[in-house]
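Step one of this worksheet: look at the structure below.
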Amino acid sequence: MPLNKDIKKVLVVGSGPIVIGQAAEFDYSGTQACEALKSEGIEVVLINSNPATIMTDKEVADKVYLEPLTLEFIEKVIVKERPDSLLAGMGGQTGLNLAVELHDSGILEKYDVKVIGTSIESIKEGEDRELFRDMMNRIGEPVIKSEIVTDLQSGIDFANKIGYPVIVRPAYTLGGSGGGIADDEEELRIILESGLQLSTIGQVLLEKSVKGWKEIEYEVMRDSYGNCITVCNMENIDPVGIHTGDSIVVAPSQTLSDKEYQMLRTASINIINSVGIEGGCNVQFSLNPNTFEYAVIEINPRVSRSSALASKATGYPIAKLAAKIALGYGLDEIKNAVTQKTYACFEPTLDYVVVKIPKWPFDKFFGADRQLGTKMMATGEIMAIGANFEQAFLKGIRSLEIGKYSLDHKKFKEHSMSELKDLVMKPDDERIFALAEMLRRDYMIERINKITGIDKFFLEKIKWIVEEEQRLKLSKIEDLDKEWLQNLKKKGFSDKAIADMLKVSPEDIYRLRDIWSIKPSYKMVDTCGGEFEALSPYYYSTYEQYDEVEVSNRRKVIVIGSGPIRIGQGIEFDYASVHCVKALKKLDIETIIVNNNPETVSTDFDISDKLYFEPLTEEDVLNIIEKENPYGVILQFGGQTAIKLANFLKEKNIKTLGTTADQIDMAEDREKFDELLERLDISRPKGKGIWSVEEGLEEAERLGFPVLVRPSYVIGGQGMEITHDEEELIFYLTNAFVKDKKNPILIDKYLMGREIEVDAISDGENILIPGIMEHLERAGVHSGDSVTMYPSQNVCDEIKGKILEYTKKLALAIGIKGMINIQFIEFEGNLYVIEVNPRASRTVPYISKVSKVPIVDIATQVMMGAKLNDLGYGVDIYKEPELVSVKVPVFSTQKLPNVEVCLGPEMRSTGEVLGVGRNLKEALYKGFVGANMYPSKEKGKILATINKHNKAEFLPIAKDLAKVGYKFIATTGTCKLLREEGIDAEEVRKIDEEKPNILDIVKNREVDLVVNTPTKGNDSKRDGFLIRRAAVERNLGVITALDTLRAIADVELEEFDKNKDLEVFDITK
């Protein structure tokens, strides 16, 4: 049956900011869904709070509302737009939870909005642990022995009855939040308390642990007529016990017998039919490796991280088809976009192997607990495709950008066998390297299988890789013959890995390959195992059979993507890459994307003319360049990942469009940059590059503390810190020089001024600044973690003039063609430059949307030779809009045990939301609500622990908050200070005093907000850390910068009815 004619206007709910457990995959699926609906003539209204996405571009939906994802704001959009339908399954867990809340609160019924796609009843049956378990029992699908609990004591009683270990799974949460495996009652109490608080319905499933069983997933599609297919089945290399988002995953599954495969396929179809899914659904099973016993773990009745992976692994666009099914189409009525011949009811066939490896953020968090479990901690992932497992796996390892090209890891060489055993039994993000080291020392595969639950098939494959590494280490380059090299390449070894083992350069291996004509061939991802001719230009490299790439004679450009999502390099760079491709297409240039992230829009096969799903390493990128012979390569939009290739491409005489390697070096090399600033008469905070701890101490003495220290050539403020005394500086420098001895450490005088930022475009003669952005928090908080305001609110015309002057001088002197990002500090009336990035930055999507200047489009045209004066947006500073927009950071620290919450110069946020208002206070209110930072006033209490440097600044803010009804709880010093100023305050004991003390108050959630300004270098930092962690783990707001608290107080003082007076704004207008 074709299109349901009653559907005219659909509201799509996005997934909001990127957090751990809900990343770029929902930008990809949401964008696909909106485009599928529009292609059918449906009017699409989108609400999503995330400005960094392609999904929130004005071209993707007919109406776009960048508003907080709360019932109040969604109701305002419904009232204004009057959609007839709601599509909920494209916004991840956030979208599902909101759809259920909209239904249960009566809003959908009130405005006569129907849910299309999977129904609310089916969502509840899939998400509510009790309803799901009951249904499985009804249809005869096995589930693990379990109990639904809503309080602590019932959970303890059940665990005692069935025995430990038990798995805790909260209902309606994201990425396993609040869950875990408890080995005893003490652990259960901690996990259960967290799970009950984080579940939106206060419900947790406790189940007997089947840790060590295989974890298998099926991605299934079903239409409203009951047609049902499995798109892809995937096997987690890590067994049950590690969240699938933190597992290495292989598709198709490699170790299932045909009987096991068919058994689980039948079960997944049985489940999806019984729940009544209409669209896509992910089903997770645990499978006993020794018998045919299996159990259903859970389902996701929506598109998910796994469905994005399955879409990219097979070329089958799940989200697009789910949207079409929601409109009434059957699977047998929708054409396969890849073949244009077959229909969506044909199950995809894979004649290659896909490996997904998670990307974890532990490089950002010194001292983090890295142990993996049922709670997801990865920020992103890479995907690699190969003709065999070894090839895909080794491609995956080098795609992670952790400096590893093989399984040989120096760190594990010093470990004893019992230490290695511990490491593989309590897995962390580096377990695979510990495993390889055990195999290198001939530890028996059977024993490793027993202690880890990892299938012998995978262990044997890893053993083969390790043995080849050892063989290479014992050889010389003269021993490497054509056959051996060819075999190593077929199994995924990179030139660099081979060269490192043979102690020669990658160039030596490249020359041998050239002499022997060992070149990669590129195969097409075609959904049908070569059965039908495919039209998708989507390729992966192998060293196998013939090449399927047709190289054209058109003028072509290669755009290098940004790789996996990580803190400091997120979805913003994918946004820039996609817009670059779109701009090139308009210029009739053939576009080629190279990227390895399965979650993103850039790796959708119909975005570019050709997509190469490959690692972003020198060798892999060079192979594609040699194949395609492009006019040039664009690195500017792929973040630091792409920029790192600049020098290599220069050595190979490959043309980079826009900014060159020398220009990048001028901006990033401290001495060259200082010389440039001096020549241009531009100020910067005093400082220099130092090469030893002693030199650092001398420089700090000359500058005076506090000083800002950081490595050179980093992104996201990685490794950056403000140090207040010699002890802290020695600790920092000692660690920094251990990590990197080849580059200097930069040391600057720290100025606590106003931070200002611009993204500008230069054509070599003129510049265009779309907008001047001002940071709410003073310098010292990383720009990615600051609340950013546009138009700037406190920057005078004189300073704006200087910003224009300095930006123009720098862009022209460096020779920028395209994008440049500059960060300034205004301090005591003077303007200083603190950083110049000769590339697109993470603020590009935000400033593009709020200034309505298509920045990437203009920058791309400029790179291809256009002049700013001819492009219709003028030069110098673009006119400011009437509305005020604020970008508010969103953090995922709750998901990462034992990591610091406090704001500082190293970036910690994973995502962002936008607040748009008629004035700054309205915009801030929306931004804080959208980021879940606004105090709920449920209890009206603020816990304040303020260090001595901040007490004078804190008092006027506290007075204002007291005026609007907040009460304070504080330790002795802060309490005394508040009372002296006539502010009502309740005293609380410190951590080391008897209970109930300050930590108990936080743990019992007796406050709405914790304000804690950290002290450095003494014991109270430890107290502060414990308080901040306890608050974050209980979902309480934590503020560590008084500028943020000042802004909240200003919003609270504002006399507007927060429900009635706030408008919602369509940004397409």
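Glycine too: its Cβ is placed from the backbone N, Cα and C atoms.
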Recorded ATP 2 site member, picked from Gln823, Gln861, that accompanies Arg710, Lys749, Leu751, Glu755, Gly780, Val781, His782, Ser783, Glu835 in Swiss-Prot: Gln823
Pairwise Cα distance for Glu298 (Mg(2+) 2 binding site)/His782 (ATP 2 binding site) [Å, integer]: 39
Residues in the domain 'MGS-like' (932-1069) grouped by DSSP into helix, strand and remaining coil: 58 helix, 22 strand, 58 coil
Spatial neighbours of Glu835 (Mg(2+) 3 binding site) that are distant in sequence (at least 6 apart) but have CB under 8 A: Ile822, Gln823
Under 8 Å by Cβ from Asn837 (Mg(2+) 4 binding site), same chain, sequence gap 6 or more: Ala667, Ile820, Asn821, Ile822
Three-state secondary structure, Asn837 (Mg(2+) 4 binding site) (per DSSP): strand
Neighbour tally for Gly780 (ATP 2 binding site), based on other Cβ positions within 10 Å of its Cβ: 20
Protein Cβ atoms within 10 Å of Arg710 (ATP 2 binding site), excluding its own: 20
Candidates Asn300, Gln823: member of the binding-site residues with the richest Cβ shell (10 Å): Asn300
Structural state census, the region 'Oligomerization domain' (402-549) (DSSP three-state): 79 helix, 10 strand, 59 coil
All-chain count of other Cβ atoms within 10 Å of Glu298 (Mg(2+) 2 binding site): 17
Rounded Cα separation (Å) that holds between Arg710 (ATP 2 binding site) and Asn300 (Mg(2+) 2 binding site): 42
Gly780 (ATP 2 binding site) to Asn300 (Mg(2+) 2 binding site) - Cα separation in whole Å: 41
